[in-house]
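Going by TrEMBL, these are the annotated features:
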- 119-129: compositional bias 'Basic residues' (COMPBIAS)
- 133-142: compositional bias 'Low complexity' (COMPBIAS)
- 143-152: compositional bias 'Basic and acidic residues' (COMPBIAS)
- 209-226: compositional bias 'Low complexity' (COMPBIAS)
- 318-334: compositional bias 'Acidic residues' (COMPBIAS)
- 35-280: domain 'Cupin type-1' (DOMAIN)
- 364-513: domain 'Cupin type-1' (DOMAIN)
- 112-152: region 'Disordered' (REGION)
- 209-262: region 'Disordered' (REGION)
- 309-352: region 'Disordered' (REGION)
């Protein structure tokens with residue numbers, strides 16, 4: 001009875017934790033007071049052996065207002081982004097390429113296991129894992145948590161503190177844009193993005209901005225206690241040969257290293273039950289070359305254990321894997337029966353065993369190749385991912401949308417009632433206008449490929465494509481963002497009584513009727529006849 005009670009209590013905690021809603025911290029006072037918004041470009045690049053990482057400065061006022069940080073990852077063929085975890089939840093949009101990723105959840109079981117039979121097709125040639133004191137007959141096959149396939153257009157949700165890795169198994173470079181929500185309540189450190197690397201000895205993505213911010217915050221005085229190193233700091237190097245000490249009383253800072261780098265070899269040897277010196281040195285990042293960095297090239301490629309439709313457990317090389325849609329597969333085989341049992345669309349109807357965090361879905365494709373939520377064949381399309389179609393986003397308190405706007409088409413003036421919107425231009429260009437609470441245009445420029453524009457909550461925004469296609473992804477800081485259109489069908493104007501429109505804007509009834517009813521489109525407005533003639 002006691003065991004049953006303990007199991008029930010543990011399960012309740014799991015259910016509550018998995019279904020909890022994230023709330024956001026408020027930005028600092030005046031952080032969202034703008035006279036002008038600016039389209040931002042990355043200003044730092046960290047090169048690695050297998051690719052590079054670019055970052056936007058999180059100290060910019062726009063990012064501080066939204067409480068987010070942005071980075072862009074490029075993986076070349078056979079490149080592995082080494083595992084790390086962050087102090088805040090992330091949304092990662094796959095702009096280009098395809099490959100594999102993994103999420104390591106504390107406490108979840110290793111459900112992928114190497115085949116036990118010898119001689120099976122695609123069987124690994126590596127010797128099985130052996131523990132100290134075991135003979136050949138006691139060797140163990142490799143097992144690990146689930147490995148996921150990603151494709152262009154996927155949105156990947158990464159919770160706070162969950163280790164993440166990514167691998168490119170194709171010739172096309174992988175380009176992934178990552179948003180980190182530092183204002184999320186899951187982040188109980190300072191409002192700064194931190195990457196806790198679990199392998200290697202390389203520079204953190206946002207370290208330089210953190211150092212700049214720290215130096216600006218120090219008082220200008222040679223006698224300030226913050227600028228004087230303590231006696232124990234002058235005598236103690238936290239990571240031996242990997243540590244770096246600043247000269248002349250500056251604060252000690254480390255440029256790289258991973259979590260294991262800070263532990264002594266004695267601690268690690270006992271923790272991992274290994275006594276091989278090279279293993280411990282590599283674990284601590286001591287045998288790293290300067291070129292390796294956060295992204296390493298895997299010679300000969302990774303061998304990935306991954307299921308397909310025909311073989312639920314097959315050990316194979318990634319480039320030989322049969323094409324399939326993991327999300328579609330999971331729904332077809334599992335969720336269809338689940339929906340029949342309890343009925344479809346019951347939001348907040350409880351959390352069963354099959355919905356625990358260990359078996360949750362963490363990605364959804366919102367790219368241009370999928371059926372859109374909003375579509376106008378003359379103007380464009382829109383696809384969204386929120387807590388209704390990707391449940392993990394309720395936990396993260398985030399969402400995203402992918403938009404494709406055709407030449408000279410317009411998305412109507414609108415605002416987000418409960419979220420900031422961080423727009424990243426994927427391809428093409430558009431003329432975008434943003435208006436604040438005073439009715440002033442704080443942005444009236446062209447948004448080009450690779451640029452980021454932060455649109456604060458309740459600021460109105462409209463855009464008109466200047467290229468054949470303007471494609472963008474907009475990250476939202478709420479799991480179910482609400483959009484209020486200011487023009488078009490079912491908009492603010494459309495839902496006002498004619499008399500209110502006429503008297504609010506000083507218009508005759510006929511003109512008020514035109515203002516209400518002339519635009520029959522909901523969100524995307526096709527090019528006007530004048531625009532079409534100009535193109536012709």
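The backbone N, Cα and C atoms fix where each Cβ goes, and this holds for glycine too.
Computed from a predicted structure; not experimentally measured.
Broken down with DSSP, the domain 'Cupin type-1' (364-513) shows 18 helix, 69 strand, 63 coil.
Mean pLDDT across the domain 'Cupin type-1' (364-513) comes to 95 in this model. Residue counts of the compositional bias 'Basic and acidic residues' (143-152) by helix, strand and coil are 0 helix, 6 strand, 4 coil (DSSP-based).
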